[in-house]
Amino acid sequence: MQWGLTHLSASYHRMIGLDCILLLILRLSLGWALSYKQGENVTLYVNKVGPYHNPQETYHYYTLPVCRPEKIHHKSLTLGEVLDGDRMAQSLYHIPFRENVERKTVCQLTLTEKQVDQLREAIEELFYFEFVLDDIPIWGFVGYLEESGFLPHSHKVGLWTHLDFNIEYNGNAVIFANVSVKDVKPVILEEGAGAVVGGVGVGGHSLTVTHTYSVHWFESNLPHSRRAERLRDYSFFPKTLEIHWLSIINSLVLVVLLLGFVIIILMRVLKNDFARYNVEEEAGCDDLDQGDNGWKIIHTDVFRFPPYKSLLCSVLGVGAQFLTLATVIIVMALLGMFNVHRHGAINSAAIVLYALTSCVSGYVSCCFYTQINGQRWVWNIILTSSLFSAPLFFTWSIVNSVHWFSGSTQALPATTVLLLLGAWVLVGFPLTVIGGIVGKNRAGSFQAPCRTRNIARQIPAQPWYKHTAVHMAIGGFLPFSAISVELYYIFATVWGREVYTLYGILLCVFAILLSVGACISVALTYFLLSGEDYRWWWRSILSTGSTGIFIFAYSVFYYWNRSSMSGLVQSTEFFGYSLLTSMVFSLMLGSVSFWASLAFIRYIYCSIKMD
């Protein structure tokens, strides 16, 4: 469905300015609240409409033939709100604070046949609307759809023309608000024609409707600081988080048992290896090379630098950046900086932190690249800065073009695009360069406990269960199983309308994910070295980095079996950003598993005696 937005596009480009920065500062201030006087107007903003089952397909409310002012005044929005698809504009509803209003007329509209069909199409697709009053979202359906009977079949489409606003207050602050159509009869929209009431529309028919509203105030004992709890208890969208705690505890128990088994078994095997190798050391290193001595026999090759050093270091750098970014966001959430009333705050934080943490990727990548004798450090910095930003820009270009073509509010205005591009060009890329230069200058020598021979040792044939694909399947599935339960709730939040609040549980699951990834990588690296295969560098990254493949496979399963999403707009955004999410997990877990494997290898080769 494509609706014209020419009368709104000019206003969109002015939504981000200095006042948005002030708004962001105020909204991040804890305890900030608006207070009203008796009879003072409480501004109600109309925001967006969209299909109930396609959360990311939204259009501006005024794209529908509804009551609108002669000149539309948009509210200044923060960056996060714009990224979230918000397009708030002042409405014609006058809501005096703590004063009831009974059946007041908003406007009278004469709808053409084309406009009636437009409303019918929106109602048949279960379009809902979102208003915002004092940062409180208010949801309701645009109309009423009834399907009944087989013979004769009844298909009724009705438009809600009267809204009852129920608002709760405490003192001089607004606590909660919702809208109701109880005891209200919809205006039936007949297909192809309406009631002939003067005026000429498409096909010579028109329909006259009168939009009215009522306001009822109710006193509440809930303080303003806890009003987020009231919104979480309200259920316009379906709730799916009832069994959260039980599922997470079950997952944590299984993961802890898995980690315990891996650590105990691996330590017992290593203890036997250390005892055997240190006893056999008296025979000399040359004699050892002639026997079957497992991982010790490749001590002169295990620290041989891998191919594609620049790409490997870039993966480690960007993975460290996302690891830092995820940790900071979860900590900020635990501190209460993101709640249900701060629209898009987490989006704004993610954009700002991604730019600021670019120095981490530059430092880690260039520092390690210099340690392993990399020469083209300038190219390494460029590759690091574009490793994720280039796929992100490509994916966003496709998704944004689809939204723009469909007229969705998810299409970013030109000023927002320039702002994001400026954040990367003026902040993100320079910080990557600065971090790279600092990392290059501070990089020491690569600390290897064994000398590396000039001629590489021949690698014996490996059994099928030590193949790269098998290790990727094992190393990717186990970390995925650790987060599979929590992943459902994250998907329900990002791609649905759930409000995620259990950030403490998320932190625990995040720590478990990293721990499982590190332990599994160490175990797989040991099995690889025990087969006298020293090509562990890339294998350690791919083993648990393959978790991203399982996450993308789960996203496909979620799309077809757990959601009701459909259509080109929703599908393009879902699968495009799911690919990017999978890439983020692969980079992050690949980085963690590599450093764990490197620390493990240094430990075992420092623990045995060698000439």
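Quick reminder: no glycine exception, Cβ is built from N, Cα and C everywhere.
Bear in mind that the values here come from a model prediction, so they are computed numbers and not experimental data.
For reference, TrEMBL has these:
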type: TRANSMEM; residues: 245-267; note: transmembrane segment
type: TRANSMEM; residues: 311-338; note: transmembrane segment
type: TRANSMEM; residues: 350-370; note: transmembrane segment
type: TRANSMEM; residues: 377-399; note: transmembrane segment
type: TRANSMEM; residues: 411-438; note: transmembrane segment
type: TRANSMEM; residues: 469-491; note: transmembrane segment
type: TRANSMEM; residues: 503-529; note: transmembrane segment
type: TRANSMEM; residues: 541-560; note: transmembrane segment
type: TRANSMEM; residues: 580-605; note: transmembrane segment
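With a cut-off of 8 Å on Cβ pairs spaced 6 or more residues apart, the transmembrane segment (311-338) and the transmembrane segment (377-399) reach 3 or more such pairs and are scored as touching.
The list of residues near the transmembrane segment (411-438) in space but at least 6 beyond its ends in sequence, with Cβ under 8 angstroms from a Cβ of it, reads 9, 12-16, 79, 82-83, 351-352, 354-356, 358-366, 377, 380-381, 384-385, 389, 400, 403-404. Here the transmembrane segment (541-560) has long-range neighbours at 312, 315-316, 468, 471-477, 479-480, 484, 487-488, 491, 495, 517, 520-521, 524-525, 571, 574-575, 578-579, 581-587, 589-594, meaning same-chain residues at least 6 beyond its ends whose C-beta is under 8 angstroms from one of its own.
Ranking 377-399, 469-491, 503-529 by CB pairs under 8 A with the transmembrane segment (350-370) puts 377-399 at the top.
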